[in-house]
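As recorded in TrEMBL, the features of this protein are as follows:
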BINDING   Arg40, Arg46  NADP(+) binding site
BINDING   Arg144, Ala145, Ser146, Gln266, Ala267, Gly311, Lys326, Pro327, Ile328, Ser329, Thr330, Arg352  FMN binding site
Amino acid sequence: MLRWMTAGESHGEALTAVLEGVPAGVRITSEDIRAALARRRLGYGRGARQAFERDELRVLGGIRHGSTIGSPVALQIGNSEWPKWSTVMSADPVDPQELLIDAGTGDEREIARNRPLTRPRPGHADLPGMLKYDLPEARPVLERASARETAARVALGAVAEALLGQIAGIRLVSHVVRIGSVALPDDVPPPSAEDTVRLDADPVRCTDPATSAAMVAEIDATRKDGDTLGGVVEVIATGVPVGLGTHVSADRRLDARLAAALMGIQAVKGVEIGDGFAEAARRGSVAHDEIVSVDRGTLTRSTNRAGGIEGGTSNGSDVRVRAAFKPISTVPRALRTVDLATGEAATGLHQRSDVCAVVPGAVIAQAMTALVLADLLLDKTGGDSADEARRNLRSYLSRIAERTQWRTER
């Protein structure tokens, strides 16, 4: 079983991530993890923070000479801007007067660095977080609620993807299928893992050039209007064997685990497995994936409307999931709020932010999908080493092959 946890704040000294349960012998290097972190920073519509913020990765444990060693994998991602925030985010007590010193730029956006944030922003965790934890201001809330935390999850996802590929040959790819009102046409073929380099090079991580250009134009128009955009991403996993997840316990269902993991990404407001909501408009006779036998030995499907999952269990088809991201809550046109220090009407503080963060959302969704699949793969195979897990998987798949071989009598 895999267990993972992250710690740290957006403007703190570093993010820390721990992944426990990785078997020994999974090949992974710092450069592999850095490459995943770099992909998270891509995308048209990102804010100014991406221009100067750097992900300073350190591997603290669990990996030696490019291979996991069976102990928890511990990663740290340093904050290159920490010197600017060391007083505001200090773990030790600070004289309140130091926090009232003006940043000196005259920029309203920078005042948030050293003054209490008492005007909760609509759409953020600010207000419920302040009330739940009895906090006088929103700084402690927004620092942890920030999507900056997903850098730690993407780093762990890189380890999970290496595990999936080396033990089971599972490969993942993610792409954007909608930004605002612009959607990828249904007749565009889905991408494969071989398309990753091309997708990384596209400004909006879209497989279709015409749709990509329209999405870029949508982002430009939204930026000009002083607004933000959401969208939809899709993750596809190929090579997933039959039997990950189960129908016997609700909390171990593959679809339930994926839905929870994707809904746990900041700004995600909806998740779809396979054709999802479109299935609700179909009749049963055309909604399901019929089972066919090829050469009386290989079971396959003529369609994949279920997204590779039936009864909470992978069925051997590609696992296909989508996540819907709401528009970014930090809107340049400051929204109405109430100052909790005075009770007076106010506008939410606007800090630097993205116009559209759907593109990195695809990379984050891919990482979370990898973590869930890796957990359930190890749940099926067991094994303290990658070699042992591979042997166990081969034995399991061999038995499945025996079950699906029918020979005519001679």
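Numbers here mean position along the shown chain, with the first residue as 1.
Each Cβ is built from the backbone N, Cα and C atoms, and glycine gets one as well.
Here the features listed in TrEMBL are painted onto the structure.
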residue : record               : DSSP (3 states)
Arg40   : NADP(+) binding site : helix
Arg46   : NADP(+) binding site : coil
Arg144  : FMN binding site     : helix
Ala267  : FMN binding site     : coil
Lys326  : FMN binding site     : coil
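Neighbour density for Arg46 (NADP(+) binding site): within 10 A of its CB lie 18 other CB atoms from the protein chains shown.
In this view, Ser146 (FMN binding site) is surrounded by 15 other Cβ atoms within 10 Å of its Cβ, with every protein chain counted. In this structure, the C-alpha atom of Arg144 (FMN binding site) lies 18 angstrom from that of Arg40 (NADP(+) binding site). A separation of roughly 13 Å, to the nearest angstrom, links the Cα atoms of Thr330 (FMN binding site) and Arg46 (NADP(+) binding site).
Cβ-based crowding with a 10 Å cutoff singles out Ile328 as the top-ranked of the binding-site residues Ala267, Ile328. Within the set of binding-site residues Ser146, Ala267, Lys326, Ile328, the entry lying nearest in space to Arg46 (NADP(+) binding site) is Ile328 (CA atoms).
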